[in-house]
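To keep things clear, I will list the structure first and then write my remarks on it.
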């Protein structure tokens, strides 16, 4: 074979090889395209099935929180959560908040809180000691997490609020507007369903803790009128976010603010703040038809702040150190009562739980259990109740729980801001321990210097 023939032969082989390679590449591309088309087609075909499955799961997850069980028997309180939001907020993006509270559905517990439209250690945190402003909003995040823009859900524009879950959706109540004409906006599953206008034109306000749901209906207490005199108080019954009934309390010489409410055996009990003239706490209990009873916790172990030293109580308001007050709670067990209160009698510091076995009906100051929650040398603040339904816990009773706000900043500390973190505890019938779980942040922050 001469050189020219060799060149032609080699060239022919290369050409054939190239053509075969090209055909294989074209075949591979066609195979990929066909495979992708089939895969995409299958995706489109399966989407309705996927949505159906999702909706079915959602429907299965929806229950009606009955609220017909009694409170679980307990002998103490186990720590449930601590968010450390002020400590984390010295370097992280954490909201400036007040009035945190916890509420649980049958699937989860969430921390709700009133933001100031500002972050800690930022210039907009200046002046956030103010209670009512158009920048305040109700938001929520998973319980135990520091509230930040990255884990929080907007709920409502509000400087006073409540929220609860009926087993199907979240109900939120957000009050905003001017002092002389505020409006409560009710949302169900995030959609506005009703409104309540201030009826006394004097700072309409509500619980700053969870509302209470029984058999698909949810209940809340609102106040309108003076904070240092006779005001007007109403109970509202709501179904799927709409007010279906309300009643004004006939309660001369009583004063109800910032009630902490819970279901128990199909009825609702609320323990509130008397900002007018009582250092013991007023209560109102009612059934699902809003037929109610009223009173004051009789115990000589006084629950408000400021308050006198423990002594002889009264089933009416105890006037000694009775003016002003702080949001709080108690749990009734027959004639006995678990009382949550600050350790200090004149400042919002420290916190303790006390079991008075006859304190709901008797006026002596004897008690049998005291559990430390926060040392008197550390700041506390508001406190309130929440419950965990059997649909969440798997128990055959309603578990009582409470949260404590740990206020930091103004007016007691040298900062430009006011905010707080929170801790929570739930009742158990097993071993517990008393200790101090303070906020623990080192102040001032960089913005304060």
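Just so it is clear, glycine is given a Cβ too, placed from its N, Cα and C backbone atoms.
The annotation active site, proton donor/acceptor is assigned in Swiss-Prot to 131. Taking a C-beta cut-off of under 8 angstroms and a sequence separation of 6 or more, residue 131 (active site, proton donor/acceptor) has the following same-chain neighbours: 98, 159. In three-state terms derived from DSSP, residue 131 (active site, proton donor/acceptor) belongs to neither a helical nor a strand segment and is classed as coil.
Counting only residues at least six positions away in the same chain, the Cβ atoms of 256, 257, 258, 259, 281, 304, 325, 326, 327, 328 sit under 8 Å from the Cβ of residue 273 (substrate binding site). Under the DSSP three-state reduction, residue 273 (substrate binding site) is assigned to strand. Taken from Swiss-Prot, the feature substrate binding site applies to 98, 132, 257, 258, 273, 348.
In sequence order, 274, 276, 277, 278, 279, 304 are the residues of the chain that are 6 or more apart from residue 322 (Ca(2+) binding site) and have a CB within less than 8 Å of its CB. Mapped onto three states, the DSSP output places residue 322 (Ca(2+) binding site) in coil. Residues or ranges marked as Ca(2+) binding site by Swiss-Prot on the basis of experimental evidence: 274, 278, 304, 322, 324.
The DSSP secondary structure for residue 72 (disulfide bond) is coil. Residues within less than 8 Å, Cβ to Cβ, of residue 72 (disulfide bond) and separated from it by at least 6 positions along the same chain comprise 395, 397, 398, 399, 400, 427, 429. Per Swiss-Prot, disulfide bond is recorded for 72-397 (among others), and the stated evidence type is experimental evidence.
The annotation disulfide bond is assigned in Swiss-Prot to 104-109 (among others). Cβ environment of residue 104 (disulfide bond): 110, 165, 386, 387, 388, 389, 392 lie under 8 Å away, each six or more residues apart in the same chain.
As annotated by Swiss-Prot, disulfide bond applies to 164-211 (among others). The C-beta environment of residue 164 (disulfide bond), restricted to residues of the same chain at least 6 apart in sequence and closer than 8 Å, consists of 103, 170, 171, 210, 211, 212, 213, 218. Residue 164 (disulfide bond) falls within a strand segment according to DSSP.
The annotation disulfide bond is assigned in Swiss-Prot to 213-218 (among others) on the grounds of experimental evidence. In the structure as shown, the Cβ atom of residue 218 (disulfide bond) sits within 10 Å of 29 other Cβ atoms.
Annotated disulfide bond per Swiss-Prot: 259-272 (among others), in sequence order. Sequence-distant contacts (6 or more apart, same chain, Cβ under 8 Å) of residue 272 (disulfide bond) comprise 221, 256, 257, 258, 259, 260, 281, 282, 283, 284.
In the structure as shown, the Cβ atom of residue 261 (disulfide bond) sits within 10 Å of 30 other Cβ atoms. Here Swiss-Prot flags 261-270 (among others) as disulfide bond.
According to Swiss-Prot, the feature disulfide bond maps to 298-315 (among others), an assignment based on experimental evidence. Contacts of residue 315 (disulfide bond) defined by a Cβ separation under 8 A and a same-chain sequence distance of 6+ are given as 295, 296, 298, 361, 363, in order along the sequence.
Mapped onto three states, the DSSP output places residue 401 (disulfide bond) in strand. The Cβ of residue 401 (disulfide bond) has 23 other Cβ atoms within 10 Å, all protein chains considered. The disulfide bond feature in Swiss-Prot is assigned to 401-426 (among others); the stated evidence is experimental evidence.
Taken from Swiss-Prot, the feature region 'Involved in apical transport and lipid raft association' applies to 11-33.
As annotated by Swiss-Prot, region 'Hypervariable stalk region' applies to 36-70, with the evidence given as sequence analysis.
Here Swiss-Prot flags 71-449 as region 'Head of neuraminidase'.
Positions annotated as topological domain 'Intravirion' by Swiss-Prot, on the basis of a curator's inference: 1-6.
Here Swiss-Prot flags 7-34 as transmembrane segment.
Comparing the binding-site residues 98, 132 on other C-beta atoms within 10 angstroms of each C-beta gives the minimum for 132.
The C-beta environment of residue 109 (disulfide bond), restricted to residues of the same chain at least 6 apart in sequence and closer than 8 Å, consists of 81, 102, 103, 142, 143, 386, 388, 392. Here the Cβ of residue 298 (disulfide bond) has 23 other Cβ atoms within 10 Å, regardless of which shown protein chain they belong to. Sequence-distant contacts (6 or more apart, same chain, Cβ under 8 Å) of residue 348 (substrate binding site) comprise 305, 326, 342, 379, 380, 381, 407.
Residue 426 (disulfide bond) has a Cβ environment of 21 other Cβ atoms inside 10 Å. Ranking the disulfide-bonded residues 211, 213, 397 by how many other Cβ atoms lie within 10 angstroms of each Cβ puts 397 at the bottom.
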